[in-house]
Amino acid sequence: MKFELDTTDGRARRGRLVFDRGVVETPAFMPVGTYGTVKGMTPEEVEATGAQIILGNTFHLWLRPGQEIMKLHGDLHDFMQWKGPILTDSGGFQVFSLGDIRKITEQGVHFRNPINGDPIFLDPEKSMEIQYDLGSDIVMIFDECTPYPADWDYAKRSMEMSLRWAKRSRDRFDGLGNKNALFGIIQGSVYEDLRDISVKGLVEIGFDGYAVGGLAVGEPKEDMHRILEHVCPQIPADKPRYLMGVGKPEDLVEGVRRGIDMFDCVMPTRNARNGHLFVTDGVVKIRNAKHKSDTSPLDAECDCYTCRNYSRAYLHHLDRCNEILGARLNTIHNLRYYQRLMAGLRKAIEEGKLESFVTDFYQRQGRPVPPLNVD
């Protein structure tokens, strides 16, 4: 992988990630394909929304279908027939999400398989091996996602262990002869001094890109913005910056304003299945009765298949009848909305008009622009 940085506007960056499998224009949003599918979508449909890279889930694909079945097909690209690049998370966040049924030690994480209850163990080395078999174009180190809230002492211990795991991840990744990209993950909760130590330690190990982890886990938005404002300038400018698990459209806008290049989140797909649709002027809750006889498109400014062909009334009808097509059409729209938003941000950065774009984005939704505390 090669990262090319074209231009900046304030702290916002316009660039691209270049892979053997294709080019990803940045800032970029990555749809999430947890089990080897972006829920309800074919790879061709995902590509038609404008997505150039997707995310796969190491933890879930390890449990089902497992490494051996994956290798029978080649790798994850062959298994799911996605031709572009794939980023896989390390499994750390999913293990964190297991709560009481897992035990974290210096060696790794002991837990029970949520499918059948069998005891199972995951460590940095195993995570690197699974992601190698998946053929991931971007591999994430195995870390502990520090919960929120966490006091300073706990956050420090967690961050320091994640640094040790980062070195183990790097060593095993190199030992496998993996020629793809490996990203480090910055931890430290909401504490700037801990984030400083994490960034410094990761840069000393050396990675192809750096993710900001441990955000969007319940902390106030002000804390997320503050940490991004503090951390992003410390990440080497020639490396991509990835904000993990984020988020709402406004979170993408605020991340870009602070220097983030990459995002992923289940929100556009999950919300689509619940009839919660993102449009230029905000949000449409399509199951509400007011849409029952509305013949207008979901978003007059959207060029997606759904908006070009169907009315709000039809989408409302499908949702009320629990028709599978409704979830699919909603997903197509939400994914396209996110890609249109990213394309708009990229164009605004190119033209040096980002703050004008941001102002218009919030004005259309009747909301104030959040403060930006950067030099």
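Each residue, glycine too, has its Cβ placed from N, Cα and C.
Note that this is a predicted model, so its numbers are computed, not measured.
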Per Swiss-Prot, member of His276, His291, His317, His333 binding Zn(2+) alongside Cys302, Cys304, Cys307: His333
Further substrate ligand in Swiss-Prot, beside Asp89, Ser90, Gly91, Gly92, Phe93, Asp143, Gly214, within candidate set Gln52, Gln187, Gln339: Gln187
From 74-78, 104-108, 169-173, 269-273, the residue range that Swiss-Prot assigns the feature region 'RNA binding': 269-273
Sparsest-packed among the recorded positions, when each Cβ's other Cβ atoms within 10 Å are tallied, from Asp89, Asp143, Asp264: Asp264
Residue among the binding-site residues Gly91, Gly92, Gly214 whose Cβ has the most other Cβ atoms within 10 Å: Gly214
Same chain, 6+ residues apart, C-beta under 8 Å of the C-beta of Gln187 (substrate binding site), given in sequence order: Asp143, Glu144, Cys145, Thr146, Ala155, Ser158, Met159, Ser162, Leu194, Arg195, Ser198, Gly213, Gly214
The region 'RNA binding' (269-273), counted residue by residue under DSSP: helix, strand, coil: 5 helix, 0 strand, 0 coil
